[in-house]
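What follows is a short report on a single structure.
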Amino acid sequence: MNAPASSAAPVVGVIMGSSSDWEVMQHAVSMLNDFGVACETRVVSAHRMPLDMAEYGAAAAGRGLRAVIAGAGGAAHLPGMMAALTEVPVFGVPVPSRYLRGEDSLLSIVQMPKGVPVATFAIGEAGAANAALHVIANLATTDVALREKLKAFRARQTEAARAMKVPL
Ligand code: RP5
């Protein structure tokens, strides 16, 4: 298990199929850190570490995780398998792949059969950041301080957009 990204007990697990996914998945961790949401990070490869994946899923709820953000590329079965292994909600991030630019990852993650959902986000950095923001929004339904941070974040985005100028 990698060290938690903060010293508090992690409530979000950020897992990925390979260290090569970190370039994308770091955007989820960075967003969680910005909001002060404690998370842990770990490589859990579905096809190279299936037993570790099963252990991670079986222990997730008991360890206090409230969400798992899972990123993978290509056949990208990690998010769906993790959703099958735990009742903790899973948020899937399609990582861009070498040959199909992540369209394969997206379709693999989003097309879960009925009964075991994975909330699926956009390919790449935006998807990773938005997965974290969606987890934060869910946690904020029972955490007033977090809701205020989310409102402030949105207000800053609004102000930044209002300040935008179109180049002549
Ligand atoms: C998937 O295969 C990983 O999620 C990664 O996106 C992709 C390539 O993995 P590496 O060959 O870079 O380890 O399992």
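Every residue, even glycine, has its Cβ placed from backbone N, Cα and C.
These features come from TrEMBL:
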- 10-161: domain 'PurE' (DOMAIN)
- S18, D21, R48: substrate binding site (BINDING)
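A 10 Å cutoff on Cβ-Cβ distances gives S18 (substrate binding site) a total of 17 other Cβ atoms nearby, all chains included. Packing around D21 (substrate binding site) is summarised by its Cβ count: 24 other Cβ atoms lie within 10 angstroms of its Cβ, all protein chains included. Packing around R48 (substrate binding site) is summarised by its Cβ count: 11 other Cβ atoms lie within 10 angstroms of its Cβ, all protein chains included. Largest CA to CA distance in the substrate binding set (S18, D21, R48): 15 Å, whole number. For ligand 1, the binding-site residues lying close by, meaning a CB under 6 A from one of its atoms, are S18, D21; the full candidate list was S18, D21, R48. In the predicted model, the domain 'PurE' (10-161) has a mean pLDDT of 98.
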